[in-house]
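Q: One structure is given below, represented as structure tokens, and several questions about it will come after.
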Amino acid sequence: MNTPVEKPWILGLTGGIGSGKSAAAQHFIDLGIHVVDADHAARWVVEPGRPALAKIAEHFGPDVLQADGTLDRAALRKLIFEVPEQRRWLEALLHPLIAEEIAHHLALAKSPYAILVSPLLIESGQYAMTQRILVIDAPQQLQIERTLQRDQTSEQQVQAILKAQSSREDRISRADDVVVNDRDLAWLHSEVERLHHFYLTLSGGQS
């Protein structure tokens, strides 16, 4: 089957917690690039009225719903971390729906290329939707320091998140481009701008 000509050229953008991938994504947005965040898509598919939320409530019971009918993420997170089989059930339900939601929003792109930002780009298989992978990397201690400064969380929780994500080595081995974000924001912006011009060339836009 031929690929539709209007399908956008897609860059996958990923990085571990505290790496700076959100700051990089925001600068691509500032440069006029259409960005779809997989975390947002994951929230959209479980909004009230969507079929996935009804299936989750039916499977786990009413305790995973808040009084206003929205998903109680903390309650659900506790259930799936305690029972791995339940996590697998949830992933089997949500991953295809999230991929569908992402594809829909990527197809709306009017910019020369589009970006899929996902912390689990590699682990979830979402990289298959992209033509190229950019990894924002940072030394682990810097990841921890940034996350502790940004979030109301403990170092133990940050370490748990790091363990759940792909290792730095695995992410980098899958990357086409890597930015080691261990300097200031101005430097990160300059790297994003350099890559932006490169991606314009690759995608057939103006450089």
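The count begins at 1 with the first shown residue.
Even glycines carry a Cβ here, placed using N, Cα and C.
Residues or ranges marked as domain 'DPCK' by Swiss-Prot: 10-207. The feature ATP binding site is assigned by Swiss-Prot to G18, S19, G20, K21, S22, A23, with sequence analysis given as support.
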Q: Which is it, of S19, S22: the one of these binding-site residues whose Cβ has the most other Cβ atoms within 10 Å?
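A: That would be S19, with the most Cβ atoms nearby.
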Q: Applying the rule Cβ within 8 Å of the centroid of the Cβ atoms of G18, S19, G20, K21, S22, A23, what extra residues of the same chain belong around the ATP site?
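A: Other same-chain residues with Cβ inside the cutoff are G15, A24, I136, A138, R146, N181.
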Q: On the 0 to 100 scale, where does the mean pLDDT of the domain 'DPCK' (10-207) fall?
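A: Taking every residue in the domain 'DPCK' (10-207) and averaging pLDDT yields 94.
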Q: Have a look around G18 (ATP binding site) and count the other CB atoms within 10 A of its CB, chains all included.
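A: 24, counting other Cβ atoms within 10 Å of G18 (ATP binding site).
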Q: What residues, ordered by sequence, lie under 8 A Cβ-to-Cβ from G20 (ATP binding site) and sit at least six positions away in the same chain?
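A: G20 (ATP binding site) has long-range Cβ partners I136, A138, R146, N181, L188.
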